[in-house]
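If you check TrEMBL, you get these features:
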type	residues	note
REGION	1-26	region 'Disordered'
COMPBIAS	1-10	compositional bias 'Polar residues'
ACT_SITE	S7	active site, nucleophile
ACT_SITE	H277	active site
COMPBIAS	302-314	compositional bias 'Basic and acidic residues'
REGION	302-323	region 'Disordered'
Amino acid sequence: MVSVGDSYSSGEGIEPFYGQSDDKSEKVKNPDWIAHRSKNAWPGMLTLPRNEGTMMDNKDEYWFFEAASGAVTDNFKYAFTKTYNKGKYEGIYNLNPQLSIFDELGDRKADYVTMTIGGNDVGFTNIITSCAVGSKVLNFGGLEDRLNHTWDVFYTEGGTKDRITDAYMNVADKAGENAQIIVAGYPQLLDKSGKGLLIHEEEAQAVNDNISKFNNAIEEIVKAYQKSGMNISFVSVEDAFSGHEAYSDDPYINSIIFPPKSEDLKDIGITSAYSIHPNAEGAKAYAKCVQEKIDEIEEKKELVKSEEGEKDLSENPEATDDEINAKAKHYSGMVLQPEDVVLKMFDALQDGDYELAARCLDPATEQQINFWGGIASTLVGLFTGEDVSWGQLVLEAAGATDVDLIECDSDNLVMESNVDIFSEWLPKIPGLRNLVCTESDVYVKYRYKYSDEYYIKEETCHVRRYEWSGWRIER
């Protein structure tokens, strides 16, 4: 899981922060403390069925936490400059672009990405704080004017809506098509009748109404991406926080806090950055809402695994060079090639370039070697580091995604032969030597996704297994 976004994801205001126990000289160099990433932030409370414990228990192994207090949408792609002033330690720290966290996954892919983003772009928290403080020095205008300006900027070309839209796409591009992206909304912030509220009741209501309007706007962006096929969901938290706004009797959100707290980045100021942010109970409320969405997604996955069905792959017979990108140098490996599935794929690949390779004969047996299947499977195996089933490639090239080999059971070895077919049969592919072909009957069972639906495909098929060395392909 990867968690990115702003202060509502980082856990601003909920101590302790990662790095908080360091000396001042060290904490100002610690990106976790600079970003105010809390050990009690809601993403760290989440669980996944494949991991033991919570995400917090798996930090930097199965959970990558990059959300930062104060972050805006641009900070997904660009560095975030944070200023600190802690006694004799003052300066600037540049947090990495948040999308760079995906590079730390290496060859692994994220199952889930959680985020809250956009709140600082519209600035509702700053609007509340500045209007409550009423500082003319900072040139803050009336609340109504500022809210109206927020929406002018939101809908203008290149404005907040476009930046949020781009941010979701950028996350999806880095996370990969199989990642589930969960966008959490924002709670209504103020109990308009609460004791100690520093703005008028009408102003508090206006703020809450505009937050709901903003949540609706980002949910519409999410729905548009869902229609395009992106695995993205919106989670509302408004109901969970209802009756628990700042200044209520049982708040899940901090009120405006004067002056800065000891763990604020700046010792000098009027208010604390903890102001108008979820407290520990608010983090639990967020976690509950998002966990319910994760559980719902996982339940659907388990449901489709238990249902049997088969999709006629001939409905999408086209396979292009881009779908199976063949380029490799000097390696060896092994593939599984179910013949009956290969023939389905071969009909989609007869474009001249692959016909010769696909129709080569084994000189020892004069049986057809559907060699293109071996090539494609080999190349994918090179990049994944694993044996690759040709049936899996067929499903993927025909438009299926999330292909999992659930079960594979082979018996009854039929034939084994050593073949050198380079000199006689494949003069256009240099370097092929020592092809070893074994055959057996194999039961295979796949789970895959096609046109937003999951299916189970199972069959017993005759399989050729190829081992080779000295392979070289250039395309």
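Positions of Cβ are set from backbone N, Cα and C atoms, glycine also.
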Within-chain partners of the compositional bias 'Polar residues' (1-10) [C-beta distance under 8 Å, separation at least 6 from its ends]: 35-38, 41-44, 46, 48, 55, 62-72, 76, 98-99, 101-102, 105, 110-120, 171, 175, 184, 186, 273, 277-278, 286
Conformational class of S7 (active site, nucleophile) under the three-state DSSP mapping: helix
All-chain count of other Cβ atoms within 10 Å of the residue listed as 'active site': 24
Number of helical, extended and coil residues in the region 'Disordered' (1-26), per DSSP: 7 helix, 5 strand, 14 coil
